[in-house]
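Undergrad: I'd like to ask you about the structure that follows.
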Amino acid sequence: MDVTRLLLATLLVFLCFFTADSHLPPEEKLRDDRSLRSNSSVNLLDFPSVSIVALNKKSKQISRKEAEKKRSSKKEASMKTVARPRTPLSAPCVATRNSCKPPAPACCDPCASCQCRFFRSACSCRVLSLNC
């Protein structure tokens, strides 16, 4: 009995390792520089060289001004957002955190929705988004 459990446990560990290993991307193992040149489909000389250029004071000032303009425009845009008007409450509705099984009317809060759990046996109105 213990031998069969040990065998099954070993088999389970092997299968877990095999599935995890099969989902990993294959690693390229190149032995030397010659195989790198022969196996490489992209020649490194095809890419242009990178040149590093120092910025002068004028270009730094211009880039700072552009960054400040972007920051101020983002602040103005965030201040311009206005909360949308809420719809008037209808009389037959379900309050937040109360039961709202499907034959019941909709939730009173426009940001709330009816969420059911346990195969639609326990349903309640819940607010999902705080920014609504």
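Cβ coordinates are placed from backbone N, Cα and C, and glycine is handled just like the others.
Features from Swiss-Prot:
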SIGNAL    1-22  signal peptide
CARBOHYD  ASN39  N-linked glycosylation site
REGION    62-85  region 'Disordered'
COMPBIAS  63-78  compositional bias 'Basic and acidic residues'
DISULFID  CYS93-CYS108  disulfide bond
DOMAIN    93-132  domain 'Agouti'
DISULFID  CYS100-CYS114  disulfide bond
DISULFID  CYS107-CYS125  disulfide bond
DISULFID  CYS111-CYS132  disulfide bond
DISULFID  CYS116-CYS123  disulfide bond
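Would you situate these features in the structure and describe their surroundings?
TA: All chains included, 17 other C-beta atoms sit within 10 angstroms of the C-beta of CYS108 (disulfide bond).
Listed in sequence order, VAL94, CYS100, PRO102, ALA104, ALA106, CYS107, CYS123, SER124, CYS125, ARG126 are the same-chain residues six or more apart from CYS114 (disulfide bond) with CB atoms under 8 A from its CB.
Counting every protein chain shown, the Cβ of CYS125 (disulfide bond) has 21 other Cβ atoms within 10 Å.
Counting every protein chain shown, the number of other Cβ atoms lying within 10 Å of the Cβ of CYS132 (disulfide bond) is 12.
For the recorded site, CYS116 (disulfide bond), the DSSP three-state label reads strand. Taking Cβ-Cβ distances under 8 Å and a sequence gap of 6 or more within the same chain, the neighbours of CYS116 (disulfide bond) are LYS101, PRO102, ALA122, CYS123.
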Undergrad: List nothing but the one residue from CYS93, CYS107 whose Cβ has the fewest other Cβ atoms within 10 Å; the candidates are the disulfide-bonded residues.
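TA: Lowest Cβ count within 10 Å among the disulfide-bonded residues (CYS93, CYS107) is CYS93.
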Undergrad: List the Cα distance (Å, whole number) between CYS132 (disulfide bond) and CYS108 (disulfide bond).
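TA: Rounded to the nearest whole number, the Cα-Cα distance is 14 Å.
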Undergrad: Tell me, how many other CB atoms lie within 10 A of the CB of CYS111 (disulfide bond), whichever protein chain they belong to?
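TA: A count of 14.
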Undergrad: Between the disulfide-bonded residues CYS100, CYS123, whose Cβ has more other Cβ atoms within 10 Å than any of the rest?
TA: CYS100
Undergrad: Quick one: what's DSSP say for CYS125 (disulfide bond), helix, strand or coil?
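TA: The residue in question, CYS125 (disulfide bond), is strand (DSSP, three-state).
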